[in-house]
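Report on the following structure.
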Amino acid sequence: MFLLPRFVLVSCIIGSLGFENPPTNVVSHLNGDWFLFGDSRSDCNHVVNTNPRNYSYMDLNPALCDSGKISSKAGNSIFRSFHFTDFYNYTGEGQQIIFYEGVNFTPYHAFKCTTSGSNDIWMQNKGLFYTQVYKNMAVYRSLTFVNVPYVYNGSAQSTALCKSGSLVLNNPAYIAREANFGDYYYKVEADFYLSGCDEYIVPLCIFNGKFLSNTKYYDDSQYYFNKDTGVIYGLNSTETITTGFDFNCHYLVLPSGNYLAISNELLLTVPTKAICLNKRKDFTPVQVVDSRWNNARQSDNMTAVACQPPYCYFRNSTTNYVGVYDINHGDAGFTSILSGLLYDSPCFSQQGVFRYNNVSSVWPLYPYGRCPTAADINTPDVPICVYDPLPLILLGILLGVAVIIIVVLLLYFMVDNGTRLHDA
């Protein structure tokens, strides 16, 4: 209690000397228990294989290349690997998770399932996917991919119905129509199995519109049934549009178990890959760095939409991405953001990373770690120190109670002494 006035005085002196400790626009970590998922901008192996080895290709400091804390692949992303044949097995584990990827599936790629489809739907899918990834990696240490085995008792094989350019969808798989069916008004099932992970992120997708085939329109209908628990997950087409729709996906977080994929109309879909989530941890917000092209290419903001507090902190540069290796690789602003991975930091917040945990000019929003509890507000004339009022209020109450007790005791002894004098 006697130290509080000294603390106030010292803090005010520090404030008067201009110590502000503002939040910095970087991603960092509390300690060495961290991991980064990325693409070419943090893919050290890709740089090693170029000639010459030009590290200006990356936004990552090359001193981190041998840290063992990076899973990155040039030309890829977690979303791209999840849905398409262009696959990289992103794998990593840490208490503090950082993502700097996503640019390799943007409106620039203009993906849509059919010629009359919609890339806007796929951007929506991307946002929903990363929302699940970020939320779950705030409570899980480990992320990797696993194959999902399935058994279909018919003779039809999976078909590459959904493709555009070099991208071919293979998760979920489409099971082609059986030869003895004259149309798509039929019910069909397949078993699939999830095992070996704590939980899984799997896709459940439908064409949300009137799907035309041979002059007939069909409403998509897909369900997953957990045979162990009896829980059913399903989607039915609700739109009446006949053009401009595409493959709408929901991303389910499922436990291990035996499942049944069911289609009541159109083609059966069944998951073939899943995000494997392992090793529950104490809640730790993930950090996401905006992943975008130079303005010459069209980007999207889906990782920003997916990254929301309290489970996620989003970091971005205020300027156009302009690389030094080429316009899309080696930007100074994003290199600065990733430079925070070179050191530990005590406090993370929505506004940025705090380098010190004593006082700050900014109150941390959605704080995590050992964060400043006071703010130093500099006016043009004199520094004014503002502190958490609770300790001062409690101190005032205690002092008030002490004063009252002292006054009561003084009155008591004065009255008692006067009475005894009178009696004498």
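Including glycine, each Cβ sits where the backbone N, Cα and C put it.
As annotated by Swiss-Prot, active site, nucleophile applies to Ser40. The active site, charge relay system annotation in Swiss-Prot covers Asp326, His329, and the record cites sequence analysis as its basis. Look at Swiss-Prot and you will find Asn54, Asn89, Asn153, Asn236, Asn301, Asn316, Asn358, Asn417 tagged as N-linked glycosylation site, backed by sequence analysis. The region 'Esterase domain 1' annotation in Swiss-Prot covers 7-127 and is backed by sequence analysis. Annotation source Swiss-Prot lists region 'Receptor binding' at 128-266, citing sequence analysis. Taken from Swiss-Prot, the feature region 'Esterase domain 2' applies to 267-379. What Swiss-Prot lists as topological domain 'Virion surface' is 17-392, and the listing cites sequence analysis. Per Swiss-Prot, topological domain 'Intravirion' is recorded for 414-424, and the stated evidence type is sequence analysis.
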Across the region 'Esterase domain 2' (267-379), what is the average pLDDT of the model, as a whole number?
93
Could you tell me which of these glycosylation sites, Asn54, Asn153, Asn236, Asn316, Asn358, has the fewest other Cβ atoms within 10 Å of its Cβ?
Asn153
Helix-strand-coil residue split for the region 'Esterase domain 2' (267-379), DSSP-based:
16 helix, 38 strand, 59 coil
Given the recorded positions Asn153, Asn301, Asp326, find the one whose Cα is closest in space to the Cα of Asn316 (N-linked glycosylation site).
Asn301
Are there any residues in the same chain, six or more apart in sequence, whose C-beta is under 8 angstroms from the C-beta of Ser40 (active site, nucleophile), and if so which?
His46, Tyr57, Met58, Ser72, Lys73, Ala74, Gly75, His329
Cα-Cα, whole number of Å: Asn236 (N-linked glycosylation site) versus Asn89 (N-linked glycosylation site)?
31
Looking only at the region 'Receptor binding' (128-266), what are its DSSP counts of helix, strand and coil residues?
10 helix, 70 strand, 59 coil
Tell me, by DSSP, whether the residue listed as 'active site, nucleophile' is helix, strand or coil?
helix
Whole-number answer please: how many Å between the C-alpha atoms of Asn153 (N-linked glycosylation site) and Asn301 (N-linked glycosylation site)?
42
Within its own chain, what residues at least 6 apart in sequence put their Cβ under 8 Å from the Cβ of Asn301 (N-linked glycosylation site), listed in sequence order?
Asp290
Counting across all protein chains shown, how many other Cβ atoms sit within 10 Å of the Cβ of Asp326 (active site, charge relay system)?
11
Taking Cα atoms as reference points, rank the glycosylation sites Asn54, Asn89, Asn358 by distance from Asp326 (active site, charge relay system) and give the first.
Asn54
In whole Å, how far does the CA atom of Asn89 (N-linked glycosylation site) lie from that of Asn358 (N-linked glycosylation site)?
41
